[in-house]
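Quick notes on the structure that follows.
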Amino acid sequence: MSSVAEDNSFTCDIATIFVAICRNPPANPSDSLFQYEISTLYQEAHSRWLKPPEVLFILQNHESLTLTNTAPQRPTSGSLLLFNKRVLKFFRKDGHQWRRKRDGRAIAEAHERLKVGNAEALNCYYAHGEQDPTFRRRIYWMLDPEYEHIVLVHYRDVSEREEGQQTGGQVYQFAPILSTQNVSYNQYIGDSSDIYQQSSTSPGVAEVNSNLEGSASSSEFGQALKMLKEQLSIGDEHVNSVDPHYIQPESLDSLQFLEYSDIDHLAQPTTVYQRPENNKLERCYGGNFGAQYSAKNDSNKLERCYGGYVGGAEYHSSNLMLVKNGSGPSGGTGGSGDQGSESWKDVLEACEASIPLNSEGSTPSSAKGLLAGLQEDSNWSYSNQVDQSTFLLPQDLGSFQLPASYSALVAPENNGEYCGMMEDGMKIGLPFEQEMRVTGAHNQKFTIQDISPDWGYANETTKVIIIGSFLCDPTESTWSCMFGNAQVPFEIIKEGVIRCEAPQCGPGKVNLCITSGDGLLCSEIREFEYREKPDTCCPKCSEPQTSDMSTSPNELILLVRFVQTLLSDRSSERKSNLESGNDKLLTKLKADDDQWRHVIGTIIDGSASSTSTVDWLLQELLKDKLDTWLSSRSCDEDYITCSLSKQEQGIIHMVAGLGFEWAFYPILAHGVNVDFRDIKGWSALHWAAQFGSEKMVAALIASGASAGAVTDPSRQDPNGKTAASIAASNGHKGLAGYLSEVALTNHLSSLTLEETENSKDTAQVQTEKTLNSISEQSPSGNEDQVSLKDTLAAVRNAAQAAARIQAAFRAHSFRKRKQREAALVACLQEYGMYCEDIEGISAMSKLTFGKGRNYNSAALSIQKNFRGYKDRKCFLELRQKVVKIQAHVRGYQIRKNYKVICWAVRILDKVVLRWRRKGVGLRGFRQDVESTEDSEDEDILKVFRKQKVDVAVNEAFSRVLSMSNSPEARQQYHRVLKRYCQTKAELGKTETLVGEDDDGLFDIADMEYDTLFSLP
């Protein structure tokens, strides 16, 4: 009994000392019971945040450390830097992108004053990465004015597990036990928080508050001592008098977990409990364990997650303890390896015996590996006996409950399913620690009301609409939607409605929630299901696409008769006699009864396809609608001018682009110009050339469309584009060659030619050379003979047209120059001067004569008074003297100014030209006489010919020449040429062909002196 009393009194003394230290902590770490190792702190800075006492110790001992004189550039995680703010002002410019305030200027740094003991000692500023929210920065300096210029900066990349533990709202921890040997300062001084520790010789409870206020009265201190004595008593009657679940919560920034390696062992076991109103026990061994307890028949359950999930195992607090081996005295029984191995076997057997009861006979395969890993990696073991430095699990947890949002995920009845899901290796399921972090958020910023759809196929992205309401300003941070552990951004469609895309994932159910940019939970958790996409779709979707003959002949016949009934309107037949000739033109193009019977017959015979039949019916419907539209806009008996507005005349461009040849002629009949241009200068021929409509191009050329028309200049095409260049850029080489040939021949026909025999011979020689080179390169196949013949004829026409156009411009320039020279020679022989000089003299004489009469008007008025001979003679003498005096005055003034000018020129010559530039100056200067002969390069017509005519002609001829090298282009040219001849015949404008074998081309060689010809 005496030994027990001594132990009891010794424990009370320890508690008294502990409370006294809490009331009056040391002023700085140098006065504490433990001195920190700087090298150890630098190593631990890579894996955890430093505690306020450790930071204070580094700042106070900065003189023995090296200060950084330059700002770092993108320091890595774990960097610990010391700065002097007075020397390096911009130490925050470290190259990283930090989250900024709403204005985007200043960095959004959170500020907090940290306590060492119960006194504020440090300033701390927190910053989060903009692109990587897990990368953090903390800046510390002391509140002491003497040391406030010394700054400690700590960079860390927080892992998901650590971030979840630190951002989960109120976090609870195991408090380390108090030892009588080698107690460090940071083991009993909290970081501006409360740490409660308990110690007893029996399964009792001890509680100590380390954050007692300095202004507490003596009565409070007495009550604390009284409670401490009761809790440290030996008897078991005081066990139930103390709250068995109490543990102090700590805030995010002040939470610091003590190292288990610094805890010494006591002779008696120790137990730590939580507060009942929180009903949650988390955090054991460095954050790798998550524990959950519930009471059933006075038994305790421990559900743990360490690289996996173990659920359903029942443990009794009377025979299960968590022991750390090797950290206390060697004489402890709990530290022996034999008993430790035996205890692991006992725990494994208990786990295997109890798991089937709670998981319906399924034993997790990771249980043995979990326990073996714990024993190998961490020196922690399970023992069946009471040993020193142990944590006992509580015996009475009947009131322990989980939050509603958490119980839905890890409730005891769902443990088996969740364990199986984790064992199957789900890619998107949340691990246990992440669930603890997500569900532990206390700041809800969004309320989910509905999710549509709430499922999607596993291997496809699904667009998901979430309806809810924001409980804060949506613009205050970046938001994301989390599907399991996959985080995707979303967009706010309108207030309370957001949209995102569910990522691809394996089949199964995952958690869906709204998170902020740093991964914090901001809403309740819903489920989203991923389903396997079935191989067979619905019957309608599985049907093959409609083939060319998918519609039955009976259905096609019914469709044809239905359209025929709609188009055979009796009222329109009654008004046919009132229609004009232009309206009857489109009516003639419509199908008659014979055509309808022919279409029905082809359907019955099976020779008509459904696609062609439907297209023909659509064309007939469009014909009827176009007839109605043109009739409504036609004027009564007035077809001289166009009856359509400028906007309505643009229909010709639509028709040309679509290739509706049947609609082209009725539109022309209503007065629309064939070369009508749109806002960009495009005509119908440009639109038809862009889409490669061969029939429409032939119809436009036959109707007189200009093949050389150029579009309006633009940034992309400063010189504009012709229809041939548009066709060539879209890959229609045959069409481009045909249009180029037509443009060249039309250009040649618009010129008035007076060719000589020499120019004709030159064009003929050039044409023969081109044709010979093409004939040598072209194949001699029979199927390509017809198209090759047409192509050679096109090249011949284009080559002769290009040569004759260029020769015509050269001849025109030559004639103009000769005419000018002949006129100059004629004038020089007759008058001794050129015509230009004569015209200038005559103009000056007129001006001089007029001015002279004005100047002599005063003299004439004077002469009227001196009509006598003597008076007139005196006047003339006086005037002569006055003129002489004026001449002398003017000469004197000119000579005076001339001297000044000569003086200035001499100064300029000597100072600038000779001395400064080291030249000869004006000595020996002779002005060059400008040549009056006009050079040929200054001829405006020649410049125009070089810039416009020659370039356009060469490009057109190159297109025709390149057409001959492609068989497809030759075939296309042959089709367009043949269609042109047919169109001309249909319009009654056929032209005389050269011979029966000729395919409608005129031979330019046979048109020697024609001043005007039109050749398409």
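Backbone N, Cα and C define each Cβ position, glycine as well.
Comparing SER550, SER931, SER935 with the features listed in Swiss-Prot, the residue bearing the annotation phosphoserine is SER935. In Swiss-Prot, the feature phosphoserine is assigned, of SER47, SER729, SER962, to SER962; the remaining candidates carry no such note in the record. Between the listed ranges 6-28, 397-419, 466-488, 903-925, Swiss-Prot ties the annotation region 'Calmodulin-binding' to 903-925. Helix, strand and coil residue tallies for the domain 'IQ 1' (798-827), in that order: 30 helix, 0 strand, 0 coil [DSSP]. Predicted-model confidence for the domain 'IQ 1' (798-827) is 78, expressed as mean pLDDT.
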